[in-house]
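Everything below concerns the one structure shown next.
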Amino acid sequence: MPLNYGASHLQLAAFALGTVGWILCTISMGIVEWRVWHVDNTTIISSGIAWVGIWKVCFISYLHVSPGYKEQFCHKFSGYDSSIPHEIYAAQGLLLIAMFMGLLGVTATIFALRNVYMGVTRKTLITHFFLAGGCFYILAGLCVLIPVSWNFYSVTHNQSIAFPPSYYMPSSPAAQEAGAAIPIGIVAVILLLLSGTFSLSYRFPATANTITKS
């Protein structure tokens, strides 16, 4: 058994947690339920509920509000919609960065663990990849934390959005609540920050015969 095998249990946990956190980050970015709007006028929004995501807004309608849409109507946000609040556009960019950073963290951790479990004793190589993986995980967690917190703040303060007429959405809801994407994002933040901390805590065993060149 390699001498540095026993010192990597936390880093193995970091890989597992970081992978799950990265998957949850991707899920939260893809689903539309970031902010759930309850509206009083059900003429177009038949169910009285609309979902505001970071890429589009959707609701159920029994009217032909748009060609090809009979029941569920979705309108994708455009980069030219100045009425869309900053927290939505910030979430788009930051979550894309988080997904990329998380993937780099997973890759770096896999490479470091591969060296550990194959008995490679290059101290500089292993520690540098664990260090890089930890930094990537933490950066990914922070990139998820900002949009999740910002959008949750908007929900708790029932902030309105001046949607263009083509969206068929009221500018203000009667009430709104956090959708499923926000708690999923919070869990992703916790897992990514934990995995980053575990990766950064790696210490190469002093008893191992090390080859210091990278």
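Quick reminder: no glycine exception, Cβ is built from N, Cα and C everywhere.
Remember, TrEMBL labels are computer predictions, not curated facts.
The structure displayed is predicted, hence computed values, not measured ones.
For 12-32 (among others), the entry in TrEMBL reads transmembrane segment. Remote same-chain partners of the transmembrane segment (12-32), defined as residues 6 or more beyond its termini with a Cβ less than 8 Å from a stretch Cβ, comprise 51-58, 74, 95-96, 98-99, 102-103, 105-106, 109-110, 113, 133-134, 137, 140-141, 144, 148, 179-182, 184-185, 187-192, 194-199.
Residues or ranges marked as transmembrane segment in TrEMBL: 44-63 (among others). Long-range contacts of the transmembrane segment (44-63) within its own chain (CB-CB distance under 8 A, at least 6 residues past either end) are made by residues 29, 31-38, 69-77, 88, 91-92, 95, 147, 151, 161, 163, 167-169, 173, 179, 181.
The transmembrane segment annotation in TrEMBL covers 88-113 (among others).
Sequence-remote contacts of a segment are chain residues at least 6 beyond its ends whose Cβ falls under 8 Å from one of its Cβ atoms, and for the transmembrane segment (125-153) they are 4, 11, 14, 18, 21-22, 25, 28, 34-35, 54, 87-88, 90-91, 94-95, 97-99, 101-102, 104-109, 111-112, 115-116, 178, 182, 185-186, 188-193, 195-200, 202, 204, 214. Sequence annotations record features per position, and here TrEMBL assigns transmembrane segment to 125-153 (among others).
Summarising the annotation, TrEMBL assigns transmembrane segment to 173-194 (among others).
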